[in-house]
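Trainee: Would you mind keeping the following structure in view while I ask a few things?
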Amino acid sequence: MSHNTSIASQGMPAMAGPETGGAGMTDNVYQSLLRNRIVFLGSEVKDENANALCAQMLLLNAEDPEADIYLYINSPGGSVTGGMAIYDTMQWISNDVATVTMGMAASMGQFLLTAGTPGKRYALPHAKILMHQPLGGVGGTATEIAINAKMLKDTKRELSQLNADHSGHTLEQILEDSDRDHWFTAQEALEYGLIDHVYSNASQLRGDAPNQ
């Protein structure tokens, strides 16, 4: 897979958001959230912040293998490899992972949102969700182009199958609906099966989480 392969939206400006590894008040805020079993994806998915999110979920699993973990998402998408590391960690740990989006869950952000524990996938009322196919630059020699094109095609099918599994649609339906940028309002995402609830108040979410 090309390192350029991503499922970030074409033409979409980079989302401003916290990056792991800084210092100061922002770090203190995110450490406080972690103590409350909340991890936050607030920027483009990159290998660096994906590693941090995986480590945080593994830590929370080690501390309590039963209590829910909350993954909050406001992301334009990004690295497929980074996103798949987060996805596999969500499946690996024993905890339910509740996913919550505000602002935007686009591309890989949508994929991770929909991959949350069934019944515990949430959107705030004005969130926007984007589903589409992975993007990747293909260059080099003819042989390299053919290899990368096959990898991109395989990645497209793999992600589409997982999206189908988590949303209750067929692979064919997901491939058709995501062939071009497909934007959803929170309510439309609920009706399509990408999420389970549209909530405007945190107390509603907590009521769905008996382990908290």
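Glycine is treated like the rest: Cβ placed from N, Cα and C.
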Trainee: Any idea which of 1-20, 161-180 is down as region 'Disordered' in Swiss-Prot?
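Mentor: Here Swiss-Prot associates region 'Disordered' with the stretch 1-20.
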Trainee: Quick check for the class: what is the C-alpha distance, in angstrom and rounded, between Ser107 (active site, nucleophile) and His132 (active site)?
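Mentor: Counting only the Cα atoms, the answer is 6 Å.
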